[in-house]
Each structure stands twice: as structure tokens, then as C-alpha cells.
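Everything below concerns the one structure shown next.
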Amino acid sequence: MVQPQESLKFKHSDKSLVFADLTPEEYKSVRDYMWAQKELKISHSLLAKPSENYLFLIDLSLPKKADVLHYLDSNGPKPARYASVVVFYGERGYLKEYVVGPLPGPLRHRDVTQAKYNTTELPFTARTVTVGEYAQLFMLLNDVFQRLEIPLRESFGYIPKQRELMPFEGMPRGIKNGDRKTWISFFRDYSGMYIHPVGFEILINHESSNTTNWTVDRLLYNGQYFDTTDEFLSRYKAGSLKKIVFEEIPNYASLKPKNKPSGLGPQQYYLQGKRYSVKNNQVVYLDWSFAFGLSSLTGMRVFDIRFGGDRIAYELSVQEAMSVYGSITPGMMLTKFLDSSIGIGRFAHELVRGIDCPYAATYVDTYRYIDTNVTQRFRNSICVFEHDIGRPLRRHFSDFFHNGFGGMANSALVFRTITAIGNYDYIWDFIFYQSGSVEARVHATGYITSSFKDDGNLKYGHQVAENVLGNIHTHFINFKVDLDIL
């Protein structure tokens, strides 16, 4: 492995660890501590039902900025490490947030719900859907599909356990506080399913923590609404509705190349070794140094950003990715995806060498505990690399009075994660330039979400394939920038 050049201007400091994400050992100790609190009655099951108590999230509780600056700049005491813990109390019908620490112990827990949210407990319907709740929802969908097997087969080619229909849920789950009613749209079971809608959507009411109380409140089939599955079945059998007739179609959403790739593109390598170094949770590059982490909820973040030894920013972090849709069909009509509500960093998966990042990049593993019962490792989910910009940082050619040329090659350091949240893949970059500027950049790829083309919905998007509408929508990306200049 090529080592960093000896000419690195700055040395690594273990003080960056004040911002470090929790380690696998720390996640486990916090989980085991919370499980051991008998009065909390927390389930150990990954598939805990909504009626059970479930430890949903463990994440780093960031120390107070004033304490960190005292530690970094004035040799003050190192701030103690704490974890933020969120518990869904299905038995009691509310949510709580705790701070657990100090790490490594002895551990204690403190309820911070009141201090953080100005209420002693959060409404149970405000929680995100867990793996255990999805398992119950899929059981309900399976029952519905068994009842509707004939129309689903004739309309969409549905064959149980052979050719399924894939669900995609709209958010938020209602229009007023306390609602928990989700419109689920269905798509063909293709790779890139998001642009293969079939024109069938159902509304599930899952407000109750008792799953036996869940109901199917409405159905949409080919632009026609039905209040119950019985009404839909009877009208379908009577032929008193506008039917869809199944047709085989090619998968135009496949990512498999249609033609053989035409050779190998340009590659990047470091002739004299890398001009940056990654150690623990700190990057050092030319005049730059910074600490980094990955929040399960909000995504990647960097701290204590210094240029030439001077701090220019205390924090630069992703905060939210929001997309707002318009449509004539209910699955997308009210949809406003707030990705932090289900977790942005949660979906930072392994990066593919040579595609997501250069082959020669430095790759870093991350660990997280969200909607699980065991710490998960995500290999190579952060990458760091120096990248040629393709234009000089500065140059001048003079032929009037002083014949000559002066110029400087231009490259920058890129810190990257990619989060695949449903259909969207967001490429998140923090870029550190030799000029002393920092850029936060996001590029959206993946798939659009789509609706089945019904009468009148061309007002809300463009037709992108037969019977497929690409819905009008807007993206909002939020970053936090805490500048500390001079």
C-alpha cells in the first residue's frame, strides 16, 4: 500500500476523537445497559411488534461546543462521551429519548425528552415505521393479496411467490397530528421497480399499536376509488369498472448495459504517495485538517476544520434531504419525504471502487445501531481521495512586456458518502480546495418515483414511458455550517 508522503504539513491529533462516532463496543455496552433496565421492559427482538417496547436508535450525543473548544484550545478536560438513545414504548403508547453515559462506564440514563422537545413524552404515532412494524404490514398486505388474487393476476400478472408486486409508501402518513394512514403504491417486480407502476394503491390505517385493529380504508385501481376490498371485488367481477389488462413489457429500468463497455476510462494514481492521511476519525491534507463522523439520522459531518492551523469552521454537516411531490394519485399527491425522519446516514452503504470513488481512494468503515438489535458494520461506506480538478488553480501567460508563464496545478480533497434512500441515491461531497475554500455538494442519481398514468395527471408531470408519469417534484437540501473565523 502506498504510504502518505513525508511532507505532510500537519500531524494527526487524538483530540479529534472527541467527535468520533460510537465504536462497536460502545454500541453494545449501551444496548446491554438499556436491556438490563427491567422497569423499561425493552424487547430484545429485531421484529418487535408495535405493541412492544423497542430500542430504536443509539447514536453519539455530541458534546457541548464550549466544552470541546475549552478542551481543544485551552488544554481543558476532555468532555465525557455520551450516547443518545431513542425508545419506542408500544406498551405505554409514547416515545422517549435518553442520554446514556458516561462511556465506558459506569453507565446511567437520563430522560431528556422534556428538555429537548418541551414535553414529557412524544406521541406514539410520531415514530417512524420499524422493521418489526413492516413485517406486520406485509402480513396484512399478504392477506389482502390473497383475497384479490384473481384481479391482481389478470390486471398485473401477479403470481404469489413467483411474480410479486412491490410496495412503495407515501409520506407523511396522514394530514393531521396523530394520523398514521399510509398510501402504498405497487410496482412490477423488476430491478428499477420505481418506474414500473401498475395503477393499484391501497390506504392502510395502522394507528393502533394492536395490529388486529389495522384496516384497509381505501383502494385505487386504474384511477377509480373503492372504500373496501369487497366493493372492489364485486365491481371487478361484475365488470362495472374500467379494467387494466396485463401485458408483458421489457424492463427499460434495468441498469445492465445494453452494449459492451468501450474500454477502460482514465485512471488516477499517486506517483509519489498520497498527499493526505486518514487516522482514526481525522483527515490531514496539505494545509487542511478535520475530524469526521456519520450520524445515522442526518448523515455525514466534519468538525474542527482547520486551514493553515487555524480553525475556519467548527462544524459542516448534512441536516436534511426533502422532496415535495405533486400528483393526481394519492400515493404521491401529499408526499413530502423528510429523509432524516427515517435516517440519512442509516443508508450509507458500501462504496464501489472505480465507480463510486476512484480505485486508489482511502475507504473507511462505519458502524451504526438504528432499527436493529445488533450493531451493524458498513464496510467502505466513506471514501477520501485527492482529485484533479482538470483546470489550473491559477495561471498567466505574458507576451507583452515580460515573456513568461506562471501556473499552479489544481487538485482538491474529496470526502464522500453515498446514501441510497429508496429510489434516490444522493452523492454527498465535502470538497477541500488548496485555495482555502470548502464546498458542500450533493448530486442526485438513482431513479425518479412515478405514478401510473391516469386521465388528467399530465398536469402533474411528464410521461416517461407507456402508462408511466414522472411526477413533478422539488428537492430541498439542508446543510449546517458553523463558521469560526478569527
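Using the three backbone atoms N, Cα and C, a Cβ is placed for every residue, glycine included.
Quantities reported herein were computed from a predicted structural model and do not represent experimental measurements.
Taken from TrEMBL, the feature domain 'Copper amine oxidase N3-terminal' covers 128-223. Residues or ranges marked as domain 'Copper amine oxidase catalytic' in TrEMBL: 267-485. Summarising the annotation, TrEMBL assigns active site, proton acceptor to ASP339. Look at TrEMBL and you will find TYR424 tagged as active site, schiff-base intermediate with substrate. The annotation 2',4',5'-topaquinone is assigned in TrEMBL to TYR424.
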Around the Cβ of the residue listed as 'active site, proton acceptor', the count of other Cβ atoms that are within 10 Å: 25
Residue distribution over DSSP helix, strand and coil in the domain 'Copper amine oxidase N3-terminal' (128-223): 31 helix, 31 strand, 34 coil
The residue listed as 'active site, schiff-base intermediate with substrate', number of other Cβ atoms within 10 Å: 20
Rounded to the nearest Å - Cα separation of the residue listed as 'active site, proton acceptor' and TYR424 (active site, schiff-base intermediate with substrate): 10
Integer average pLDDT (0 to 100) for the domain 'Copper amine oxidase N3-terminal' (128-223): 94
